Amino acid sequence: MGTPKAQHPPPSQLLLLILLSCAWIEGLPLKEDEMMPEPGSETPTVASEDLAELLHGALLRKGPEIGFLPGSDPDPTLATPPAGQTLAAPSLPRATEPGTGPLTTAVTPKGVRGAGPTAPELLTPPPGTTAPPPPGPASPVPPLRPEGGEEETTTTIITTTTVTTTVTSPVLCNNNISEGEGFVESPDLGSTASRSVELLDCTYSIHVYPGYGIEIQVQTLNLSQEEELLVLAGGGSPGLAPRLLANSSMLGEGQVLRSPTNRLLLHFQSPRVPRGNGFRIHYQAYLLSCGFPPRPAHGDVSVTDLHPGGTATFHCDSGYQLQGEETLICLNGTRPAWTGEPPSCTASCGGTIHNATLGRIVSPEPGGAAGPNLTCRWVIEAAEGRRLHLHFERVSLDEDNDRLMVRSGGSPLSPVIYDSDMDDVPERGLISDAQSLYVELLSETPANPLLLSLRFEAFEEDRCFPPFLAHGNVTTTDPEFHPGALATFSCLPGYALEPPGPPNAIECVDPTEPHWNDTEPACKAMCGGELSEPAGVVLSPDWPQSYSPGQDCVWGLHVQEEKRILLQVEILNVREGDMLTLFDGDGPSARVLAQLRGPQPRRRLLSSGPDLTLQFQAPPGPPNPGLGQGFVLHFKEVPRNDTCPELPPPEWGWRTASHGDLIRGTVLTYQCEPGYELLGSDILTCQWDLSWSAAPPACQKIMTCADPGEITNGHRTASDAGFPVGSHVQYRCLPGYSLEGAAVLTCYSRDTGTPKWSDRVPKCALKYEPCLNPGVPENGYQTLYKHHYQAGESLRFFCYEGFELIGEVTITCVPGHPSQWTSQPPLCKVTQTTDPSRQLEGGNLALAILLPLGLVIVLGIGVYIYYTKLQGKSLFGFSGSHSYSPITVESDFSNPLYEAGDTREYEVSI
């Protein structure tokens, strides 16, 4: 039996069918000939699809593919994947795109048993995903030969497997944080996204404003041995590399760390299968400060504030001159710093001192700018009618190479009253016969360092000179030291009066020629003694002079029974062969705590009980070469426990501690409530000696307003330059300008918060006459209606519905005398005509679109029904008389968002 020929419609019908089928082109499924066949397989011949087949395939077409949402690129937040692995979803082959042929039917010629490669041969799972194993090869489908000589057809049942996966949020790993306070937590290590990588490598970058640092506190820390957390400070600027603050082994819960810059990095690494619960860290910004400037040798420094804007003022001891800037300012920056290098204090070699009242002459440092050979001459001149008293505070001269001469007068020819080559050092000092003294120092390469300190003071001729006691204090009954005045002497800790015992007072006698009835005593460091004060100092014999050989001194230190002794070695420089021994107990028979020889750096020693014994031994005989300066040891009693004393929180504030117990290294951070400022250091540290680094601060209510500032083209007057509560600031403008705003601002207090000004700072604007309101047009309105408009202000006009605006929509007030509008106000006229293009709006537009579309659809359905009847087939192609040989084709979408889903079967016959 031959195959009947296919009937074709006439040309006019074909033309109509082509025009009507254009609307279906976009939604047609792919044909089987677009799929790539398996290499080596036979390429089938596919017959051209007629209109019925195209319409049938479109009716069974699936919905659009669901792809990645916009902005779901996981790269900014996910951890870095291992080398060679990518997190981007691979593109799908054309044959696997949803909706591209879930059902294909075609006329199969005789002898063709296959329609192309099977679905498992075309669908390949993307890398890194798992998919069900492909089914076995499909059996060849024999052609069906219906009775009655009908056309041979092929029926296919396609099984579509849809894989569905719940899309999880990406793991927040790499992150830049700029808030002033918050929390940093480890990523959710149990999520699918984090398990898809072999190594989790996260960096959290926290940065705040310049001038602020970052303080972190570890609240939770539970990491496995394979996990690592690094805390780094700095970075982010050229030449500023991050500096490691701590790692996992150094961190603990409750620990507080501070970054000295405005940037801090947290670097976290975790294996593919983490075992710990991660970390939680609280961070907050704090105000950075400049470091405390170093105190110059022979001088001191006073600091108003270490925060930006604070000042450091330097000054030198008497007899020294300041070299450098006297005042430095703390400047704000990534790391606040002072405006310059700290100055130094140097002693000058010679000079003239006019109108001398009280001061010192000090020898220059050995080996300085003056070199080893010195020739220094000083002239000290007091006011008319006064004389000078010169006290020898410290003198150490080389007998062979140094010489000191003092003359009573102001020239080298004045009479000599002291010569070091011939006279001993006068204990009572020297008194000039005139109003001047001439001091000359000669030194030629001395074997020992030169030490010289002379104190001078001027006094009236009708009274005694003011007494002086080095390393001690003087109290008197008459500050003017007239005849009859008494002066009483006492020594500083570590010194004792010499000669010892009473009398420790002298009297000014003889009204005709006033003088003291006895010499001033001296305070000298003694060799040994018993000390039972809570705090004190132990000095080497004759300190600050060099000790002499043949010393064997023993000091006993005793404090309360429940205390122990902290000994701090400030200076230790003894000769070779000399030794200082410390015994942990009462007497030299106790356990040896330490033996100190030669030069030693600063160190601290702690006794186990309330007693400590010190023994210094210097063998007799000529001293070894070199000068033994001696030693200075400070001691004080401390508690026996290992914690610093408890400090209460400040009133109107609070404090936070880095540790629960106040152990060594604990940091206390103080803060005040709004409206209060902190007086003192905001950070206290428990030091090694179990004392706090500074006194606890206090919170003081802020009673001043911030400086409101000046105004342009004007000036101000303030009732108080400090702007306290209740003060006033009055503003005035220059001629030609007018004040906009309140002329007087008042600083008033608030219960909560800092004091505030009563109003904003005014402005000075050019003085012009305002423009009058031009009026509202009939059938219209204007915005911002008011009677007067200042120069530069604009006014907009609008018309009601049904009216059109004739003229300028916006007019502006132009400054002048008088000010004028840029144009006349517009008019609102009735709309005469309507634009035809605007009639097609709303429902009319929808009707214009939907009516032709509906006609096309109805016409297409009619053509389809007509064509179906013409071919003699049922309307929908269903037939109960056919037998089927189902072919199951399984498609596996290679989209990583889907896995393990549902299965659908479609059974179609044409």
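Quick reminder: no glycine exception, Cβ is built from N, Cα and C everywhere.
Predicted, not measured: the structure shown is a model, and the values here were computed from it.
Under the heading compositional bias 'Pro residues', Swiss-Prot lists 123-145.
Annotation comment: Swiss-Prot describes 173-286 as domain 'CUB 1', evidence class sequence analysis.
Feature annotation from Swiss-Prot assigns domain 'CUB 2' to 349-459; the stated evidence is sequence analysis. DSSP labels the residues of the domain 'CUB 2' (349-459) in these numbers: 0 helix, 58 strand, 53 coil.
What Swiss-Prot records for 462-525 is domain 'Sushi 2', and it gives sequence analysis as the kind of evidence.
Under DSSP, residues within the domain 'CUB 3' (527-638) fall into helix, strand and coil as 0 helix, 61 strand, 51 coil. As annotated by Swiss-Prot, domain 'CUB 3' applies to 527-638.
As annotated by Swiss-Prot, domain 'Sushi 3' applies to 642-701.
As annotated by Swiss-Prot, domain 'Sushi 4' applies to 703-766, with the evidence given as sequence analysis.
Per Swiss-Prot, the feature domain 'Sushi 5' maps to 769-830.
Feature annotation from Swiss-Prot assigns transmembrane segment to 845-865; the stated evidence is sequence analysis.
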*Tally of helix, strand and coil residues over the domain 'Sushi 3' (642-701) according to DSSP?*
0 helix, 26 strand, 34 coil
*Tally the residues of the domain 'Sushi 4' (703-766) by DSSP class, grouping H, G and I as helix, E and B as strand, and everything else as coil.*
0 helix, 28 strand, 36 coil
*Summarise the domain 'Sushi 2' (462-525) by DSSP state, stating how many residues are helix, strand and coil.*
0 helix, 26 strand, 38 coil
*So how many of the residues in the domain 'Sushi 5' (769-830) end up helix, strand or coil by DSSP?*
0 helix, 28 strand, 34 coil
